[in-house]
């Protein structure tokens, strides 16, 4: 006979999650070691298996035979009796309380022995037997009283269920339990993950803690079929570890603008907390101690503060260190590289160099300015800050002299909040001398008076030779009657189309007594190492101005607007005066018209004339030499048509209203007549003869040259009598009224801008344009030349 032995696993049916719910077991089918023996001989074959079943009082046991058969009956035997308990579905024996039954799907040959509310008397060995095809199958079930484990503990923990360790050093955790039947399964669990397990009474777990394990829990679990609920015990791990340093700004690079404050907080994550902080800054050779505080604080960041900083935090376990880079952003420093040159140099450039952080620059237009800071022009350079000066027409390269300003930004403000930064240099361009544009070719002078004839020069370098001679070639040199003066001063010139002040030289020829021998053309010639320039100038005798032209009157309500075209000014600045009188009066009232013009001519308005009266108007011009002839007299009547309409409308009202108005008009007429008499008497004491003398307020040395268009105007109203034998100067503070309380007011206070025009202003420039062209056929008349007497 051959005998084969087999071991295997058999599973018993258990209630769903019996150890977690705490409910009673109804069907038990546990996994236990089983022994299987199969014996074969010539006549029979025998199969045998054994399973241990652990139960507790009150459980329900379902013993399932592993050999179902529909062709052969299953027979169950028990420890209580020798005879079978059942065969097939027939139950031969039962307990006194009928707790045994046959279950299963009998249609497929399943005949399971079921024992309810198990008692200690039910413990023992149960066997099922079935013959299938001449093979006898025997399966035994040992029903054994189970016992749960108890008294689980972790012996090496503190009273608060904690255990301490140091990062990097091993810790051993031990879990103990009083064993039960069957032997329980012990396991260590962390965050739901099983670390180790075994069926034993004592389970050790050794591990190396990390700082991330600090304050985490490890749990020991005891699992047994005899338990309704797992036995557990937990311990909290306290890990001592050195600081892990991190910054409040979670970046490796911190950027700050120069001039702003900086705070970087150094944090040390450790147990115990850090008790010492150190800030250092790395240099090329060493590290310098900056602070012993947790925070790095700089009140006013400078660009020199940029670099690599390190914070070190320490506790009793050790220290941690972390580095951070500080980037200081600042507006660019600007430098200009250039070379001075002469007017013969071909390539002329300036290079703007910017140094800032970030080094992304926006270069704006260059600006050229004069010696005195006057704007000349803007120039476009390259995006890299290089300026190539454009080619100039011949004899204009000297206009490249001046200050050149480069403007650049990198979008970072400086400590004053300015985004744009600039630098400027003076570019010195040497060349021949030039006579600037504020020279004139004609000077009008007063006979038998001292005369200063001046020319202005730009010369870099200064001229070395000065020559003055007349048309005959005779040299003019300083002597008792003529003096030649040289001054270093500011002059006016057009640099690249813009009138600016520049540093230059003024040559003045002073004639002590102007006579006919000095009324001629003079040539000024200046020479330096680069060349020479000449300027011709004629000295002419000045005269009174010519009579104004194209005078016209335009009545508007009770005002009269007078328009005219200025004529030749005689060589000096001229002023215009309007005279008018009532047709029944012999007294002329004189008003000075202020000097502002329009392109169409000059104008002035006389205000507040009487309705229904006729007036006679005329005018003349005056300069420092004398007065022009007066214009023809013109008549104008101030109509009162609109007053008649108003009066007619009033008369259509009630009689009482008419009577009241008559009384009011009578009273007003009486008062007005009384005032007129008082004013007439007062005005007669202020009259003077207009032709009695010159206009004394004009500087006797003031002369007119071609390019002076500035005028000086008085804003007063002056009334005079034609019969006066004394000329009254214009008083800017005078506010005398006319006989009829008439006002002559300007509608604008501007006298220097041709863009601010009103009807009561006259520019001397237009006077010269009209009169000089008629006399000489030259469209460019001379204008006043100022400061010759300086």
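Just so you know, glycine gets a Cβ as well, placed from its N, Cα and C.
TrEMBL annotations: computationally assigned, not manually curated.
If you check TrEMBL, you get these features:
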- 1-24: region 'Disordered' (REGION)
- 34-144: domain 'Ig-like' (DOMAIN)
- 149-236: domain 'Ig-like' (DOMAIN)
- 243-327: domain 'Ig-like' (DOMAIN)
- 332-426: domain 'Ig-like' (DOMAIN)
- 544-641: domain 'Fibronectin type-III' (DOMAIN)
- 645-670: transmembrane segment (TRANSMEM)
- 727-790: region 'Disordered' (REGION)
- 731-745: compositional bias 'Polar residues' (COMPBIAS)
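Taken residue by residue, the domain 'Ig-like' (149-236) breaks down under DSSP into 3 helix, 50 strand, 35 coil.
DSSP places the residues of the domain 'Fibronectin type-III' (544-641) in helix, strand and coil in these numbers: 1 helix, 50 strand, 47 coil. For the domain 'Ig-like' (243-327), residue counts in helix, strand and coil come to 3 helix, 53 strand, 29 coil, using DSSP.
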